[in-house]
Amino acid sequence: MLDVGKWPVFALLPPEELRLIRQACVFGSAANEALYVTVNDEVFALGTNCSGCLGLGDLQSTIEPRRIDVLCGKKIVSLSYGTGPHVVIATADGEVFAWGHNGYSQLGNGTTNHGLTPSLVSTNLLGKRVTEVACGSHHTIALTTDGEVFAWGYNNSGQVGSGSTANQPTPRRVSSCLQSKVVVNVACGQLCSMAVLDNGEIYGWGYNCNGQLGLGNNGNQQTPCRIAALQGVNVVQVACGYAHTLALTDEGFVYAWGANSYGQLGTGNKSNQALPTLINTDKERMVEVAACHTSHTSAAKTQSGQVLMWGQCRGQAVSSPHLTHFSSTDDVFACFATPAVTWHLLSVDGDDYLTVAQSLKKEFDSPEISDLKFLVDGKCIHVHKALLKIRCEHFRALLNETDEDAIEIHQFSYLVYRAFLEYLYTDSINLPPEDAIGLLDLATFYRETRLKRLCQETIKRGISEENAITLLSAAVKYEARDLEEFCFKFCVNHLTAVTQTQAFADMDHDLLKTFISKASRYGAFKN
């Protein structure tokens, strides 16, 4: 995990204190302010305390950590900050707290008085559960579990999305064309806002003089506008820099648009782009993009764990993605961004601290306290009946009918069944795409909808020219329509290479006929 020692603001903390940190954020005009959360859910702050942004109840700077009592035990799940700075958090209970600079009502409390201590943001949010917050320079947006977006604060360019340029003193739902849509990810540039929908569409609003909304023009937008140039592209994550935007697709591609005077778009030049431009990442599949509204730096992480950076890097303009030795995009911002702030809330695992999820993961397939074992292909998998009943309807019914402490499984392989049981403990799967096919079969058989979706995502991430036909065949067999369409499009887009594989030569006759017919309708065989 990340070493917070890369951020100088933590340099004076003793090792025993550093070991207790599990979340952290560095912010401020010179990366000279920080908040962190310990394993005991205590929240501390240190730094210059500009505009009372440390939430300590005064304006005094502090070189030693001071506790923010009102936030202790709140369990922070999302944190963002502006350039005032103001700070906004969302808690595990879905509540929003804000403090710091408030000259433009970015704290959402209806006033322009600076907030010296964290205060609950309640107007129009009571009864809502907020899961993610994002801040621009002086405005704030919040995303709820229902996929609704609320915004407040500075609105000179329409960044609040209210249809006007009047500042918004309290949270207001961003409706317009988002009214009946479900948003899953939000981000803010200095003066603009972006939202990704559950169907992969992406919308932007606010300041657009550098083309950072990706609409093909430079006009500001006072309400959300869909980026039509990405029609048919399924965006899964968006990140905003000072005046540029990065988008990650479900296929692992990265698109960039907006300001480019420091090469932050990664296009190999310094020309602004008002339309999304596909970035050349040497055919590497990306799994994360990173940017921060305070800087002109960009970063991305590949599926194999490599980290790329470009844009303004310690004063240099790096105009194409540059491979680093870092293991995390966070390291790029610690070492090369100006200011060297965190682009999101860091998670730092301590040596001697285990969350509930980590504890369950540790006990999976451990015979010490298990009360049930599965015998698959002559091998044992040790589990706990209570957990299986809680996590899976199939096991609830099965284990209520039997007191056996050993059950034999013949329908699935050891690798697949172990992955299934491990998923019940961890909520995740860790299989190569070819093996995920077998798990997809199991998920279909047990009617585990979420597991089925995870398998499809794993297969999508791992698709290649060599295995594309195999994966397409599996998608057809298990009636995974979305995955089938994804694999089909991949095959068509890489038709020459795919048709030269052994898998294509061995393809089922009926599937081959269907594939050729459908591909011809897509114009795949035109000269």
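Here the Cβ of each residue, glycine as well, is placed from N, Cα and C on the backbone.
What TrEMBL records for 41-92 (among others) is repeat 'RCC1'. Note on the repeat 'RCC1' (41-92): DSSP counts are 6 helix, 23 strand, 23 coil.
Annotated repeat 'RCC1' per TrEMBL: 94-146 (among others), in sequence order. Averaged across the repeat 'RCC1' (94-146), the predicted model reaches a pLDDT of 97.
Here TrEMBL flags 147-199 (among others) as repeat 'RCC1'.
Broken down with DSSP, the repeat 'RCC1' (200-251) shows 3 helix, 23 strand, 26 coil. What TrEMBL records for 200-251 (among others) is repeat 'RCC1'.
Under the heading repeat 'RCC1', TrEMBL lists 252-303 (among others).
Here TrEMBL flags 370-433 as domain 'BTB'.
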